[in-house]
Amino acid sequence: MQRHLISAADLTRDDAVLILDTAEEMARVADRPIKKLPTLRGRTVVNLFFEDSTRTRISFEAAEKRLSADVINFTAKGSSVSKGESLKDTAQTLEAMGVDAVVIRHGASGAPYRLATSGWIDAAVINAGDGTHQHPTQALLDAFTMRRRLVGRDAGIGQDLAGKRITLVGDILHSRVARSNVDLLHTLGAEVTLVAPPTLVPVGVGSWPCEVSYDLDSTLSKSDAVMLLRVQRERMNAAFFPTEREYSRRYGLDGDRMAKMPEHAIVMHPGPMVRGMEITAEVADSERCTAIEQVTNGVSIRMAVLYLLLGGNEPAVTHTRTEEK
Amino acid sequence: MSKILIRGAKVLGGEPQDVLIEGSEIAAVGSGLSAEGAEVVEADGKVLLPGLVDLHTHLREPGREDSETVLTGTRAAASGGYTAVFAMANTFPVADTAGVVEQVYRLGQEHGYCDVQPIGAVTVGLEGKKLAELGAMHESAAGVTVFSDDGKCVDDAVIMRRALEYVKAFGGVVAQHAQEPRLTEGAQMNEGVVSAELGLGGWPAVAEESIIARDVLLAEHVGSRVHICHLSTAGSVEIVRWAKSRGIDVTAEVTPHHLLLTDELVRSYNPVYKVNPPLRTERDVMALREALADGTIDIVATDHAPHPHEDKDCEWAAAAMGMVGLETALSVVQQTMVETGLLDWAGVADRMSFKPAGIGRAQGHGRPVSAGEPANLTLVDTAYRGAVDPAGFASRSRNTPYEGRELPGRVTHTWLRGRATLVDGKLA
Amino acid sequence: MDSEQDKQQYEADARPVLEAPDIARVLTRIAHEIVERAKGADDVVLLGIPTRGVFLAQRLAAKLEEITDRKIPVGSLDITMYRDDLRMHPPRALARTDIPGDGIDGRLVVLVDDVLFSGRTIRAALDALNDIGRPRAVQLAVLVDRGHRELPIRADYVGKNLPTSLRETVKVQLAEEDGRDTVLLGAKRTARPGEQ
């Protein structure tokens, strides 16, 4: 039995639905006067962040605290890590302090997998984003948001996303969000289309369970949700696309394009948004944009993941791929 | 004069024969040779090969003695059946002067496990900007004939052209590490299906192939020979095959690991599989085996690249590139080439001894197993089967991708000019 | 989860101690007791503990509405995340907590469960209530009290007191979940998570 959450590809359909259903219950805690549960009392979780990501760290921290876990925040900047201490030593030091779970954000793809499988530590490992590999809790909160909006908050319980058409637009090549979403949405039965300039689609994408298009306009009318991925301006310097203006003209979502989407369709963004690049302010601030909801849902999803991995004597989530050695 | 009689050895895999060593030379090869006054080694059907020659070894000394030294590296070489290794120039300081190459050469001679033939850097500091003193290195006691910036590509076409031309004056050869640097910025593994999934920076085959294509054309233009290090792609094979068909004087090597391993192994994110050039696909592996069999690829070279444990016991991106290979090379070749029927043992002798010695102009190595030749010999128990245990390595480093993997064959004896460096699998 | 075969075997071996008419009768009695004790039940909120406590609470509410001719707020209170034995089992799927719109502050909350055994479920329910609001008072209604309390907790309304041994199991089946109404007393097999 796996104790870790490393990749969205490791989740079965039933695991994923269980997480979404659990998150739906967790979300109700937010409506109470006391937004706290005693579930993880006495468990210590460390947020081990080798990359700056205030949003993700705060979201995990809120989830951990709502479940009454003891929280240690460790940011690599200014620590011994920046003086050359290895991931292994850092992790072992933390475990020596009695940590039950490590939530790790790391710039190197595969670092959480290494942490979970190298025998360095015994703690459960939760991937909070690694390089350009995976960001499974992001994919889960995205799926949660889609299920709520496209299936319904109560009607969605026990349901997956069968038949929903999801379009991901932007820098697929460098995006762990895209990889995680393709894996998870496919598992949940959705039909995924990736839209990007060919330079920002990875070689080898042909083996992914999704369609690839270079033309945004032709996919809009066939989308139940359009997810925009952040495009970093520095990519221009590496000749991935000529100019910001050309990118947003071909792949940015503005009001006119949004109007081509079906009425029920939503616009999603994992944040942080680059307004004027992949999304106009008009779209970002519209009712159809779920960016803020996604942030709220992130806390519920992370509570669910923490509960299901740490809430008992063994995890409730089975994994299909990541095997412990 | 000491006499050793190797009784009943399948010389180059042929019928069992006796081989008599007297002093540093082979005195006789035949049946029923007299054992009088000789120490007898019962070969008992083992295969006798000419001492193996590795055209591509990293001994790390001077500068990175924490990963390997000339002593530990040559002991590893003797364990693997090698009697001569060519030591790459990417040491600290870089082997770009007569002083450094002479030091490495002398250390090899002093230790006596294996001849060490230093490779000189093509450019000063491997920086690709200014030619190193190639002539001075050739004229030094080390007698350098092979020049390489291995680890880095000589990517400037003009510098490469000049180097190819310049070494003609003394019969040298430039060994190119073919890697277009701009196409491999941030590259972590073979670019393809697996890299797309793992989110590791892609290392496209074309980064290797474009340099090889350029260099064979340069070699043709200036009438020089060129050697291509560690071919790793099916496309590279096609280019070398085409170049040879045009009569271009190109030779090429393949590493044992590229004959066996694929990028699927990277899914473990275990940096023991991180290597330059990266592990490629099954299709590439098959093309490389076929090319080694048909002679498109001339030789097997280990690219033995020792690294200390801490440089591999970390996340993939932070890990060093390279694998140790001297002590497992012959076993991997037996599994991938001999047991698949692609090469016989005479073919192995050709790809791992005769040809590499020829390309590197290694004196006294890669000679036939016959009377009057230097007694550089390797005895292999080809029936042996066993799991690789890095704890038993003579190398200072343990970064092998084969830990726990069952491989066939084991070198039991190695003789360097008649003196045993390995006896019954133990270093002398 | 019981396999169908296990379930059939258990039901064949078990002895019914309450049948559908008995269950209906005791619920009616409890409803009347609530009205009496709560002096008209005008501030009563019924909170069932999932799974079967919720159905019992809904049935009680219906009966109370008949008696009082008033709408009785009814909801559910999942206590999973307040359990004291979380570390002894894999995490359980969560059930719905559904607090009626006007909340519980200042009201009389009647917790409803099917079987009262160790008292630990009720202890967890009291903790959960604490995080949701401040009732005027909390009372407990159960269909069956089988004894063997491990905490100082007792029920205010009991359908049936059922003396049992620890080697026995009590299983409540309700039409909404199980297709029929019955309470079965059986012999213990290997313990299953969640069994009372």
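Cβ coordinates come from backbone N, Cα and C, glycine included.
For B:D303 (active site), applying a Cβ distance below 8 Å and a minimum sequence separation of six or more within one chain yields B:H56, B:T57, B:H58, B:C229, B:H230, B:T255, B:H257, B:V275, B:G322, B:M323, B:G325. Feature annotation from TrEMBL assigns active site to B:D303.
Under the heading Zn(2+) 1 binding site, TrEMBL lists B:H56, B:H58, B:D150, B:D303.
What TrEMBL records for B:H58, B:L59, B:R60, B:N90, B:N276, B:H307 is substrate binding site. Long-range Cβ contacts of B:N90 (substrate binding site) within its own chain (separation 6+, distance under 8 Å): B:H58, B:A121, B:L126, B:D149, B:D150, B:G151, B:K152.
Sequence annotations record features per position, and here TrEMBL assigns Zn(2+) 2 binding site to B:D150, B:H177, B:H230. Summarising the environment of B:H230 (Zn(2+) 2 binding site), the number of other Cβ atoms within 10 Å of its Cβ, over all protein chains shown, is 25.
Annotated domain 'Dihydroorotase catalytic' per TrEMBL: B:45-233, in sequence order.
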Fill in the blank from the handout: Around the Cβ of B:H58 (Zn(2+) 1 binding site), other Cβ atoms within 10 Å, all chains included, total 27
Fill in the blank from the handout: Quick note, B:H307 (substrate binding site): same-chain residues at least 6 apart with CB under 8 Å of its CB -> B:S67, B:A320, B:G322, B:S397, B:N399
Completion exercise
Residues sitting within 8 A of the centre of the B:H56, B:H58, B:D150, B:D303 CB atoms (Zn(2+) 1 site), not counting those, run B:T57, B:M88, B:S148, B:G151, B:C229, B:H230, B:A301, B:T302, B:H304, B:A305
Practice task
Across all the protein chains here, work out how many other Cβ atoms are within 10 Å of the Cβ of B:R60 (substrate binding site).
Solution key: 27
Exercise for the section: Give, as a single whole number between 0 and 100, the mean pLDDT over the domain 'Dihydroorotase catalytic' (B:45-233). Expected result: 97
Handout entry: Collapsed DSSP category at B:H58 (Zn(2+) 1 binding site)
Key = coil
Completion exercise
As a whole number of Å, the Cα atom of B:L59 (substrate binding site) is distant from the Cα atom of B:H177 (Zn(2+) 2 binding site) by 17
Handout entry: Distance from B:H177 (Zn(2+) 2 binding site) back to B:N276 (substrate binding site), taken between C-alpha atoms, in Å
Key = 9
Practice task
Might you list, by sequence position, any residue in that chain lying six or more from B:H177 (Zn(2+) 2 binding site) with a Cβ less than 8 Å away from its Cβ?
Solution key: B:S148, B:D149, B:D150, B:G151, B:K152, B:C153, B:V154, B:C229, B:H230
Completion exercise
Record-listed substrate binders B:H58, B:L59, B:R60, B:N90, B:N276, B:H307 have a maximum CA to CA distance, in Å, of 16
